[in-house]
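Asks: Just dropping this structure here.
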Amino acid sequence: MLPLNATITQIIEESPLIRTFFFDHKFEDMEPGQFVMVWVRGVDEVPMGLSRNNSITVQKVGEATSKLFELKEGDSFGLRGPFGKGFTLPAKGEKVLIIAGGVGAAPLSPYAEAAFAAGAEVNTVLGARSEEHLLFEGRFEALGTVYVSTDDGSKGFKGFVTDVLKNLDVTSYDRIAVCGPEIMMASVFRFLEEREVLEKSEFSLHRYFKCGIGVCGACCIDRSGLRVCKDGPVFSGTQLIGSELGKYSRDASGRRVKI
């Protein structure tokens, strides 16, 4: 698949290190949780989750994202996709718990909106390092109750999302969707495993991609061999039992990198 040329129509600074880029194309059939391969010309092609059907929300972390941050409205980048498996939509009347940390709120926000539109009850646990790093709080508040936690206590509960979860009855939810830094997701995984609700949960993983379509195997996770780009990036909690989650990932050479 050749990349389409996407022209930037609007840039919103969500926090000092996070920006949302709107572009002049809508992926009408996207599944919330799917990703696109973003071609930053002259640098690299990298995977990014869709925060709407016409936007990506980007955290500045490396060469490709730093180059993206140099772009202005009217500039363009290449897009391929959407690819992968998204989150499972709930049935009408089901209860959905969103657990979002940092920029992990980006792919979860369209899922929360789609779940609400399907007639589900949607509650959110939203975590970040500090108040200025909270992402899409207003979007989640428009759908249901939001429990906020910040590492420094600048807003909401002082602590981590797992500290908030201790005060919730997670067994009362029909579906639980999780995305955020992998250390956070690993903690949430253990919490949900202890309460025997992994079968209700789904996690969105981030790994190094090369092809993005399931051919090269660069993003396979141990021990199952599941491909994050094709079989994921969203996996059920039970699929991740005994996996590398929270332990290590792999770099471009295939070498293990401790998380």
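Here the Cβ of each residue, glycine as well, is placed from N, Cα and C on the backbone.
According to Swiss-Prot, the protein carries these features:
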- Cys211, Cys216, Cys219, Cys229: [2Fe-2S] cluster binding site (BINDING)
- 1-89: domain 'FAD-binding FR-type' (DOMAIN)
Asks: In sequence order, which same-chain residues at least six apart have a C-beta under 8 angstroms from Cys211 ([2Fe-2S] cluster binding site)?
Replies: Ala218, Cys229
Asks: Residue counts in helix (H, G, I), strand (E, B) and coil for the domain 'FAD-binding FR-type' (1-89), per DSSP?
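Replies: Going by DSSP assignments, the domain 'FAD-binding FR-type' (1-89) contains 6 helix, 47 strand, 36 coil.
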Asks: Mean pLDDT over the domain 'FAD-binding FR-type' (1-89): what is the value?
Replies: 95
Asks: I'd like the Cβ neighbour count for Cys216 ([2Fe-2S] cluster binding site), meaning other Cβ atoms within 10 Å of its Cβ, all protein chains included.
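Replies: Here the count is 13.
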